[in-house]
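Participant: Sharing a structure here in structure tokens format.
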Amino acid sequence: MAASTDTTAAPSTTLRHASGNILAFFILLLIGVLAFSIRLFSVIKYESVIHEFDPYFNYRVTQFLTKNGIYDFWNWFDDRTWYPLGRVIGGTVYPGLTLTAGTIWKVLQSLNISLSVETVCVFTAPVFSAFAAWATYLLTKEVKGAGAGLTAAVLLAMVPSYISRSVAGSYDNEAVAIFALIFTFYLYIKTLNTGSLFYATLNSIAYFYMVCSWGGYTFIINLIPMHVLLCIVTGRYSSRLYIAYAPLVVLGTLLAALVPVVGFNAVMTSEHFASFLVFIIIHLVALAYYIKGILSPKMFKVAATLVISVGMVVCCGVVAVLVAVVASSPTKGWSGRSLSLLDPTYASKYIPIIASVSEHQPPTWPSYFMDLNVLAFLVPAGIIACFSPLSDASSFVILYIVMSVYFSSVMVRLMLVLAPAACILSGIALSEAFDVFTRSIKFYVSENLQNEAGDGASASNVSMENNDKKEELLKERPSKKNKKKEKVVVEESSKKKKTEKRPLVLPVDTSIFALFLIVLLGAFYVVHSVWAAAEAYSAPSIVLTSHSPEGLHVFDDFREAYAWLSHNTEVDDKVASWWDYGYQTTAMANRTVIVDNNTWNNTHIATVGTAMSSPEKAAWEIFNSLDVKYVLVVFGGVVGYSSDDINKFLWMVRIGGGVFPHIKEPDYLRDGQYRIDSQATPTMLNCLMYKLSYFRFVETDGGRGYDRVRRTEIGKKHFKLTHFEEVFTTHHWMVRIYKLKPQKNRIRGKTAKKSRSKSSSTTTTRTRTLTKRNPWH
């Protein structure tokens, strides 16, 4: 009978398992469709266009790659940026995004699917968001099972923090980097659970793709060593841990060094030293375990002493070398952004160019609720669930959430790294809670069915069972000692049954109410995520909109200005602006810029900031020395656009003053306040940025000169420009373009005035007086 029941149960279990896998597969397909479609609001509501600033550079590089090929891409020297320095594109860019989009375009072309490069770039981020959701499923499945994995995948597909960087048109490095991050973590956990060298090799390749895609790869190469060290300290070392970590350090570092923008930084910068130190430690621990297995306890103590002594000497030597390398660097081997994460006040003190970027500012508490919503409240429950039971995989997830919470609290951009961890832990919490509540309801239903079925049969069987028990007791008449022993055995067995971990069962009313709350929270999360995708994060920054009682207003001033530059200036003309608009000017207007969003040369940016902060004549001399022909400023005082250059002006002063000491921030402040009204300082009212922004501004509102962003009347209303001339202002006054006036010729001699008034017959006199036409060249 037992054999027959086993044989019948095995096929049913296999069938149930197969049907579960098929159902999970179709659910994952729907999750992928959801992740892709929720990011299409920007295309549906507006148009298929590249968003923000950095994506325009990536789009321009991708165009060059598809047109000229991979070899020209690696050797491309771009002379249209950072004039007159230029930029080596192949050696200064993370190529993962560009190569991915270029490969997709090439494959589509080979399949006779004719899509433009721009279309492929626009939809790359939504496609990889589906991949990221599937990778989240795989990672969470390794930690807590398929149910938690599906829940985490659904949450990641809709989390607003990730949507903000992956909507259609957001062609930035994070579009593919978040998928690479999650997939690398999945392969690490998979190797840790299986001890497979095959998965370890795949993990190194995934890490290589992450290095190609984003500078945030340093988060991986520091988080994994921290987890390995945690496992060693807590006594959880195993051969699986060694296989998961050692190939990653060796093969992953070698592959990372192949990326030109990384190069020898993979072994020479402080961001990577933690992985090498843990690499030495894990080998010492592996050696100790190996020696312990082949020696007796006494010999092991002697050998352990020797190994520890040698290990300490080796570690001291390595630390001495690292200290020497680090001490030779003014930043101790750390990059500016890394130091900003370790010391949140570092950038504001020493590198204002980093502190000036809005996404490098610390987030506010409402931003956590905006970007995570209910996940912020589910994460603690997920952490508790990971402790029951605590495994290597669950400890990694706990460490992941702790570190990502810290880094996201320092820099709002890293909310993007926090989002996958929050989704994983929230998926675990919801899955565990759903399991408890449904099990409680099932237990209640099955108990009622058993009671109803057993009422009729129990009455007839009770008497027969009692007679049988009496006969058995009469046959076995044990002694008093045997009775005591039997009582002890029965009590011990009952205690064991009680102490055995039985599933948690809650009252049915509580379970139903809790399930209703979970569904309600899920509905609220869906509504908030759809609203964030449709309204908050879908609008492209290059095309702005506003709503009023009159209807929808569209501000397309940026493209209007770039189109004017493209059609009304010479190809070799140089355009100066603040670095925020460099990528767009190069990509859309095809004109040479002085600085752009790469921000690799602080001195060059400080020069532009100094020019904007200087009086008109001094600014003209600076721009003229850089061969600038046009100056572009963004002004929002007419329409209320708050991200204009006047609001960014103090950062220009700080960055310029960091290199050129004669620019001092207090000169632009009145009693410590930044003002542009009648109380503004003379230095502020006479600087170039003020004049270029507010020139003819009083003509917009009948002479009042009211700034809608600063909500005040400007201080200096009527003035003329002596060294610059206005050549174009967009329809809503958001972008203003000025041209440098040519330098007047210097004339020597007393006959200068007479030579101007004489007729053309006096050519000999004019040639004698105009001996030096242009002293600037």
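First residue shown is number 1, and so on along the chain.
A Cβ is built for glycine as well, from the same backbone N, Cα and C atoms used for every other residue.
Here the structure is a predicted model, which means the values were calculated and not measured.
These came from TrEMBL, pasted as-is:
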TRANSMEM  22-41  transmembrane segment
DOMAIN    23-425  domain 'Oligosaccharyl transferase STT3 N-terminal'
TRANSMEM  115-139  transmembrane segment
TRANSMEM  145-163  transmembrane segment
TRANSMEM  175-200  transmembrane segment
TRANSMEM  206-230  transmembrane segment
TRANSMEM  242-267  transmembrane segment
TRANSMEM  273-291  transmembrane segment
TRANSMEM  303-327  transmembrane segment
TRANSMEM  418-437  transmembrane segment
REGION    455-494  region 'Disordered'
COMPBIAS  466-479  compositional bias 'Basic and acidic residues'
TRANSMEM  504-527  transmembrane segment
DOMAIN    572-631  domain 'STT3/PglB/AglB core'
COMPBIAS  745-757  compositional bias 'Basic residues'
REGION    745-777  region 'Disordered'
COMPBIAS  758-768  compositional bias 'Low complexity'
Participant: Same-chain Cβ contacts of the transmembrane segment (206-230) under 8 Å, 6 or more residues past its ends?
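Facilitator: Distant Cβ neighbours of the transmembrane segment (206-230) are 94-97, 99-100, 173-174, 176-177, 180-181, 183-185, 187-188, 241, 244-245, 248, 252, 255-256, 258-259, 262, 266, 271-272, 274-275, 277-279, 281-282, 337-338, 395-396, 399-400, 403, 407, 414, 417.
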Participant: Against which stretches of its own chain does the transmembrane segment (273-291) lie, if we need a Cβ under 8 Å and a gap of at least six residues from its ends?
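Facilitator: Same-chain contacts beyond the ends: 221-222, 224-226, 228-229, 232, 237, 241-242, 245-246, 249, 253, 267, 300, 303-304, 307, 311, 314-315, 318-319, 322, 326, 333.
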Participant: Just give the helix, strand and coil counts over the domain 'STT3/PglB/AglB core' (572-631), going by DSSP.
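Facilitator: The counts are 33 helix, 8 strand, 19 coil.
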Participant: Quick test of the contact rule: Cβ under 8 Å, at least six residues beyond the ends. What residues does that give for the transmembrane segment (145-163)?
Facilitator: 20, 24, 27-28, 31-32, 34-35, 38-39, 129-130, 132-134, 136-139, 178, 370-373, 375, 415-416, 418-420, 422-424, 426-428, 430-432, 434-435, 525-526, 528-530, 532-533, 536-537
Participant: Are there residues at least 6 beyond the ends of the transmembrane segment (418-437) whose Cβ is under 8 Å from a Cβ of it, and what are they?
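Facilitator: Answer is 132, 136, 139-140, 143-145, 147-156, 159, 161-162, 178, 181-182, 371-372, 374-376, 378-379, 381-386, 397, 400-401, 404-405, 407-408, 503-504, 506, 511-512, 514-515, 518.
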Participant: Six or more residues out from either end of the transmembrane segment (115-139), which same-chain residues have a Cβ under 8 Å from its Cβ atoms?
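Facilitator: Residues 28, 31-33, 35-37, 39-40, 43, 48-50, 55, 58-59, 62-63, 66, 97, 100-101, 104-105, 108, 146, 149-150, 152-154, 156-157, 162-163, 165-172, 175-176, 178-179, 182-183, 185-186, 189-190, 420, 423-424, 427 contact the transmembrane segment (115-139) from elsewhere in the chain.
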Participant: Near the transmembrane segment (175-200), which same-chain residues lie under 8 Å Cβ to Cβ, leaving out any that are not at least 6 residues past its ends?
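Facilitator: Answer is 96-97, 100, 124-125, 128-129, 131-132, 135-136, 138-139, 142-143, 162, 165-166, 206-207, 209-210, 213-214, 216, 219-220, 224, 238-241, 243-244, 247-248, 392-393, 396, 400, 416-417, 419-420.
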Participant: Would you mind giving the whole-number mean pLDDT across the domain 'STT3/PglB/AglB core' (572-631)?
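Facilitator: Looking only at the domain 'STT3/PglB/AglB core' (572-631), pLDDT averages out to 93.
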